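Asks: Supplied in structure tokens, the structure appears directly below.
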Amino acid sequence: AVMGRNLALNIESRGYTVSVFNRSREKTEEVIAENPGKKLVPYYTVKEFVESLETPRRILLMVKAGAGTDAAIDSLKPYLDKGDIIIDGGNTFFQDTIRRNRELSAEGFNFIGTGVSGGEEGALKGPSIMPGGQKEAYELVAPILTKIAAVAEDGEPCVTYIGADGAGHYVKMVHNGIEYGDMQLIAEAYSLLKGGLNLSNEELAETFTEWNKGELNSYLIDITKDIFTKKDEEGKYLVDVILDEAANKGTGKWTSQSSLDLGEPLSLITESVFARYISSLKEQRVAASKVLSGPKAQLAGDKAEFIEKVRRALYLGKIVSYAQGFSQLRAASDEYNWDLNYGEIAKIFRAGCIIRAQFLQKITDAYAENAGIANLLLAPYFKKIADDYQQALRDVVAYAVQNGIPVPTFSAAVAYYDSYRAAVLPANLIQAQRDYFGAHTYKRT
């Protein structure tokens with residue numbers, strides 16, 4: 001409801017009159033009462049709401065993904081005319097969007113599955129928008145979407161046509177998977193600095209403030225520096241009294257499931273999903289901590305040197321995560337015939353969304369230089385970072401393993417990097433085993 005309200009206010013602020021409807025009359029009245037003088041026109045029946053709109057009608061749905069979306073569409077259909085456009089701005093599973101697009105197209109309606117990132121504030125002030133569907137339908141809503149989207153530093157709006165049917169929601173799903181990876185990498189960096197150097201929250205805030213001035217400049221690093229110094233009403237650091245169980249809404253899981261369907265090694269992002277799952281086993285972990293032994297963390301040596309190693313490891317880990325995510329976008333584009341433009345996708349992530357970061361421009365540049373590049377690690381800029389920073393990543397992972405500090409995504413980054421650069425892997429033995437017990441055959445070198 002908050003995302004829908006804020007998007008309606010965003011659209012209204014760009015000079016449009018917006019018809020609003022919610023199943024709950026109270027919620028509709030609440031929005032109108034809270035925003036006097038705004039060009040928001042309330043309707044209390046679907047029929048009146050639909051009939052209030054100019055044709056071709058442009059209807060933005062912001063409902064909980066799943067059966068609720070189907071129910072909302074079914075309630076609209078009796079009052080729609082051919083050529084009307086429904087925009088689904090929810091966190092919808094892309095296969096559902098493909099199905100709805102097919103079904104509505106057959107009835108003469110247009111359907112645009114649209115990823116919207118930026119949270120409640122982004123919805124109000126300008127989100128990153130990822131629309132997918134019929135190109136001609138997109139052209140009819142592009143003026144509105146362009147006006148409400150976030151604007152990057154170079155003045156470009158953070159919206160672009162992504163591709164047919166489920167492409168927009170797929171890109172949003174992968175965006176969310178990358179977000180999981182970013183957040184887990186940052187959490188592991190925090191754990192290393194706390195466990196390896198006993199940094200205070202003030203020192204952590206100072207460290208992240210410095211990091212945010214360089215290559216790691218991003219929304220997530222920026223908010224993390226603020227989180228470290230936030231205190232509760234009792235004067236305690238808030239981060240220290242928050243239970244160490246990270247919840248999830250399932251979009252990271254969808255990204256990992258899709259990687260398995262496509263045969264894509266999305267190891268870092270998948271580890272970040274599993275890290276949330278293991279965090280939720282709090283009771284088991286507390287019990288296991290009293291039974292299972294392991295090394296006690298020793299201090300990591302020179303403070304400035306270790307902080308720099310963790311910074312480098314974090315940046316290279318982030319690069320590996322995005323390399324995996326964009327590799328998966330390529331595989332999905334081939335599988336679903338979407339013809340995705342990866343440089344444009346990186347561009348619209350530069351503002352408005354949760355993963356917005358300075359280094360996304362480097363991804364756009366890499367694809368501008370070589371649109372067909374198989375993996376971002378092969379692009380000159382990212383190859384140089386890997387050359388220069390891999391020792392720091394290896395040192396940090398080795399330190400963590402020796403000192404019993406779990407770093408699943410840092411470890412996944414090293415494993416993926418070494419596997420990807422290996423001309424020969426021991427998979428020949430696995431294939432021999434498969435042939436031995438199951439006559440699966442094999443190829444000769």
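Cβ atoms here come from the backbone N, Cα and C positions, even for glycine.
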Asks: If I go by Swiss-Prot, which of LYS147, LYS249, LYS303 binds substrate at the same site as ASN91, SER117, GLY118, GLY119, HIS175, ASN176, TYR180, ARG276, ARG434, HIS440?
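Replies: Swiss-Prot lists ASN91, SER117, GLY118, GLY119, HIS175, ASN176, TYR180, ARG276, ARG434, HIS440 binding substrate, and from LYS147, LYS249, LYS303 it also lists LYS249.
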Asks: Do you know offhand how many angstrom separate HIS175 (substrate binding site) and ASN91 (NADP(+) binding site) by C-alpha?
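Replies: With distance taken Cα to Cα, ASN91 (NADP(+) binding site) is 11 Å from HIS175 (substrate binding site).
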Asks: How long is the line from the C-alpha of ASN91 (NADP(+) binding site) to the C-alpha of GLU179 (active site, proton donor), rounded to the nearest angstrom?
Replies: 14
Asks: Where the record says ASN91, SER117, GLY118, GLY119, HIS175, ASN176, TYR180, LYS249, ARG276, ARG434, HIS440 bind substrate, what is the longest distance in Å from one Cα to another among those residues?
Replies: 49
Asks: Sequence gap of 6 or more, Cβ distance under 8 Å: name the residues on the same chain that satisfy this around LYS64 (NADP(+) binding site), in order along the sequence.
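Replies: Correct list: GLY90.
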Asks: Just jot down the residues in the same chain as HIS440 (substrate binding site), at least 6 apart in sequence, with C-beta under 8 A of its C-beta; none if empty.
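Replies: Same-chain residues close to HIS440 (substrate binding site) (Cβ under 8 Å, separated by 6 or more) are GLN431, ARG434.
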Asks: Rank the binding-site residues ASN22, SER24, ASN91 by how many other Cβ atoms lie within 10 Å of each Cβ and give me the one with the fewest.
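Replies: So among ASN22, SER24, ASN91, the binding-site residues given, the one with the fewest Cβ atoms within 10 Å is SER24.
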